[in-house]
Amino acid sequence: PMTDVLAAGDISKAVAAFAAPESFNHKIEEEELGLILKVLLAAGDKDGDGKIGVDEFVTLVSE
């Protein structure tokens, strides 16, 4: 589970950060999940290859 990598509180903060104002119903919709993944990839892909390698992922979740 994600809680093996991230604290539950950090996961909750991340979900809240991506919620559209006035629309969040404590569920992630397909469109929101797509946005989350695009932002995550952009933030983690430091070498610009369109992928997140292990080192990039570790750096991303450690920040």
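Glycine is no exception: its Cβ is also placed from the backbone N, Cα and C atoms.
Taken from Swiss-Prot as is:
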| type | residues | note |
| --- | --- | --- |
| BINDING | Glu29, Glu32 | Ca(2+) 1 binding site |
| BINDING | Asp45, Asp47, Asp49, Lys51, Glu56 | Ca(2+) 2 binding site |
| DOMAIN | 28-38 | domain 'EF-hand 1' |
| DOMAIN | 39-63 | domain 'EF-hand 2' |
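Sequence features, as recorded in Swiss-Prot, placed on the structure.
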residue	record	Cβ neighbours (10 Å)
Glu29	Ca(2+) 1 binding site	12
Glu32	Ca(2+) 1 binding site	16
Asp45	Ca(2+) 2 binding site	15
Asp47	Ca(2+) 2 binding site	10
Asp49	Ca(2+) 2 binding site	9
Lys51	Ca(2+) 2 binding site	10
Glu56	Ca(2+) 2 binding site	17
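Using the Cβ center of Asp45, Asp47, Asp49, Lys51, Glu56 for Ca(2+) 2, the list of other same-chain residues with Cβ within 8 Å runs, in sequence order, Gly44, Lys46, Gly48, Gly50, Ile52, Gly53. In this structure, the C-alpha atom of Asp49 (Ca(2+) 2 binding site) lies 23 angstrom from that of Glu32 (Ca(2+) 1 binding site).
Here the CA atom of Glu29 (Ca(2+) 1 binding site) lies 29 Å from the CA atom of Asp47 (Ca(2+) 2 binding site).
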